[in-house]
Amino acid sequence: MPRLAPTFTMPVRSLQTSRTVLGVKTFYTPEHEWVRYDDESNIGTIGITNHAQESLGDVVYIELPQLELEAARGDQIGSVESVKAASDIYSPVSGIVVASNVDLDDQPGLVNKSPLGDGWLAQIKLTNPAELDELLSEEAYNASLE
């Protein structure tokens with residue numbers, strides 16, 4: 001009688017490349033800001049896109065928004081200075097600033113190294129989450145760059 005090979009099944013893992021993870025979704029503005037929104041905490045993390053940091057070049061200084069600043073969508077909340085240019089940062093959503101990335105005070109180059117990660121600029125508690133519907137998806141933002 002033939003011997004049967006032992007049956008061993010590896011669990012299947014899936015890899016998702018979307019920017020949506022467990023209630024967190026990233027939105028973009030035509031002005032090259034992004035907001036990563038966590039619907040559980042109602043907090044949006046704000047930064048500039050890779051395209052923006054590439055256009056600016058080496059970032060040397062960042063003016064971060066003050067805590068508890070009340071910002072309407074489109075309000076200037078800070079600025080980024082580079083060796084090539086300076087650019088204002090506008091809030092993609094309305095809300096109250098609850099955190100600023102103080103690591104950027106000593107390491108502004110984090111914006112160049114990791115614009116969608118460690119180079120985030122501020123966190124804001126949204127006062128009107130419906131404004132997110134007016135922002136761009138990652139696909140729409142990337143298409144706007146072409």
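Here the Cβ of each residue, glycine as well, is placed from N, Cα and C on the backbone.
Predicted, not measured: the structure shown is a model, and the values here were computed from it.
In terms of DSSP helix, strand and coil, the domain 'Lipoyl-binding' (43-125) has 15 helix, 35 strand, 33 coil. Feature annotation from TrEMBL assigns domain 'Lipoyl-binding' to 43-125.
When other Cβ atoms within 10 Å of the Cβ of K84 (N6-lipoyllysine) are tallied across all protein chains shown, the result is 12. As annotated by TrEMBL, N6-lipoyllysine applies to K84.
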